[in-house]
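Structure first, commentary second.
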Amino acid sequence: MKTKILLNIWYDGTNFSGFAKQPGMRTIQGILENYSQKYFWTNSKIEVSGRTDRYVHALNQFVTIEINPNYKVEKNDLKEFKNLINAVFKDLKIKKINFVDLNFSVRYFVKEKTYIYKINTKKTKKAEKLENYQYNYYQKLDFNKLKSDLKIFEGKKNFASFTGKEEYKSYIREITNIKVYKKRSNIYVEITGRGFMRYMIRNIIGAVLAKNRNKYSENDFLDLFKNPIRGKNHYKAPGSGLYLKSVKY
């Protein structure tokens, strides 16, 4: 009986080669596919709200697993599958698991996503231990300038300059809100929008930090929008500081 299951998952991206399945690599999709096929004795089809890259973390990622076992899957089966994954893995946890309608698309029904980027500005022993979970940025940083520069990214714009080499039908994306705040030596940037291209957020963070240390003039920075060219920005922040915070449907 064909069944679709919705998972709300958390993961530490440090030891994963991203979400998407890759031959010979440890990925979140690979693990979920492997364990769901073994547990439910059937092939499985995985869909995700949006793929994350190597070293990127997720506080709330959403995944569906479509299966077609020769028996009716019960709620207790879902509970046991959740317990299995949570017992086996320290860096991947299922927070919630439920049945969902077969027509539901975890990717195409997204209304908005929020990512957090964490920047640490103080060099300490603790900071070095946390280098897989933040960007340890020890150069002089003007916080007010950073906030002001990030506001430029709000709205519907052509973000081609902030992508990688991948081609898209359209490079127009809308960022609905950017929130920037400090907690001690940490700076947090929350970026909300309906969808993002690969490397887009890391390129945005990299670009504003580059401007902060005068690697971009005001005109060159604005030119990234005025004359957008794929991959034009050459400053990309590391994946370790990026977290998928939430997804709304």
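Cβ atoms are placed via backbone N, Cα and C, with glycine included.
Under the heading active site, nucleophile, TrEMBL lists D53. Here TrEMBL flags Y115 as substrate binding site. The annotation domain 'Pseudouridine synthase I TruA alpha/beta' is assigned in TrEMBL to 11-108, 151-249.
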Completion exercise
Cβ density check for D53 (active site, nucleophile), other Cβ within 10 Å (all protein chains) comes to 17
Completion exercise
Within 10 angstroms of the C-beta of Y115 (substrate binding site), the count of other C-beta atoms across all shown chains comes to 25
Problem - Integer Cα-Cα distance in angstrom, the residue listed as 'substrate binding site' to the residue listed as 'active site, nucleophile' - result: 13
Exercise for the section: Determine, from DSSP, whether D53 (active site, nucleophile) sits in helix, strand or coil. Expected result: coil
Fill in the blank from the handout: Taking DSSP helix as H, G and I and strand as E and B, the domain 'Pseudouridine synthase I TruA alpha/beta' (151-249) has 29 helix, 31 strand, 39 coil
Problem - Whole-number mean of pLDDT values that fall within the domain 'Pseudouridine synthase I TruA alpha/beta' (151-249) - result: 96
